[in-house]
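Participant: As listed in Swiss-Prot for this protein:
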type: TRANSMEM; residues: 9-29; note: transmembrane segment
type: TRANSMEM; residues: 78-98; note: transmembrane segment
type: TRANSMEM; residues: 111-131; note: transmembrane segment
type: TRANSMEM; residues: 156-176; note: transmembrane segment
type: TRANSMEM; residues: 183-203; note: transmembrane segment
type: TRANSMEM; residues: 234-254; note: transmembrane segment
type: TRANSMEM; residues: 262-282; note: transmembrane segment
type: TRANSMEM; residues: 296-316; note: transmembrane segment
């Protein structure tokens with residue numbers, strides 16, 4: 001009985017520490033991205049608040065908390081309020097199944113991959129609800145774009161993961177990490193990695209797949225009517241999705257927490273940070289394509305590539321058995 005209580009207490013502590021850390025990192029990503037973009041573009045970036053801009057997060061937090069939390073009179077108040085909460089929560093919960101080290105995972109799910117895909121699907125509902133409840137044509141158009149893009153690229157995301165799942169013989173993310181002891185999945189699943197990363201960019205609505213929020217066409221898309229902390233939940237949620245996709249990329253294709261000499265959680269942090277920097281570098285380097293070009297890329301290149309990768313993986317597994 002005492003041992004059972006200890007396990008429950010440990011699980012609660014893990015959950016609180018992990019989720020608070022992810023929220024803090026997601027909030028701090030705004031400053032980190034602006035500083036990196038400034039470095040890439042030979043300018044300073046935010047450097048006025050604190051030493052080297054280190055207190056910029058505090059300034060942004062104070063600003064967003066004291067902004068008027070305004071709800072348009074023509075909006076559906078209940079759905080308008082629920083949408084950012086659903087988006088933020090669904091993206092945050094994905095980290096509960098992420099193995100940060102051999103002994104640090106909040107929830108050990110045998111259907112971890114399916115749980116991730118389910119949470120990614122729920123975030124689409126939040127975007128649609130937010131765009132529709134705003135009763136604004138630009139919000140609705142942005143929400144429809146986001147839903148179509150996310151649902152399309154979720155197909156490629158799921159198919160690209162299936163090759164990894166077939167190799168490991170499990171949907172459990174910890175098992176997938178353990179299966180990469182001798183060789184990382186980036187080698188046998190290179191095309192799966194490419195499509196997964198592209199689909200991850202699209203699902204996060206990150207540049208160059210940020211058409212749902214394009215300022216020139218849709219005046220910031222589905223969250224145009226949001227302000228205050230409601231906008232903050234959408235804003236931080238997008239950065240949490242960036243961290244989540246980066247963490248999932250290294251977990252599925254780059255051995256997760258595995259590495260020599262350093263502690264496992266340090267390897268997890270280093271690898272995740274590298275892919276976050278790559279995400280930001282892509283934003284600094286690439287132009288934004290048209291919306292139809294994004295959809296054509298998905299259905300004419302990503303889909304055949306994922307199907308080919310899955311077919312080759314199945315043939316190799318059958319041959320080896």
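Cβ atoms here come from the backbone N, Cα and C positions, even for glycine.
Quantities reported herein were computed from a predicted structural model and do not represent experimental measurements.
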Participant: Determine whether the transmembrane segment (156-176) and the transmembrane segment (9-29) share at least three Cβ pairs under 8 Å, counting only pairs 6 or more apart in sequence.
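Facilitator: Contact between the transmembrane segment (156-176) and the transmembrane segment (9-29): absent.
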Participant: With a Cβ cut-off under 8 Å, give me the same-chain residues at least six positions beyond the ends of the transmembrane segment (78-98) that come close to it.
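Facilitator: Same-chain contacts beyond the ends: 15, 18-19, 22-23, 71-72, 105-109, 112, 115-116, 119-120, 122-123, 125-127, 129-130, 132-134, 173, 223, 225-226, 230-231, 233-234, 236-237, 240-241, 243-244, 247-248, 251.
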Participant: Restricting to CB pairs under 8 Å, which listed stretch, 9-29, 111-131, 296-316, is in contact most with the transmembrane segment (183-203)?
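Facilitator: The stretch with the most contacts is 296-316.
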Participant: When you scan the chain for residues with a C-beta under 8 Å from the transmembrane segment (296-316), skipping those not six or more beyond its ends, what do you find?
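Facilitator: 152-153, 155-156, 159-160, 162-163, 166-167, 188-189, 191-192, 194-195, 198-199, 202, 289.
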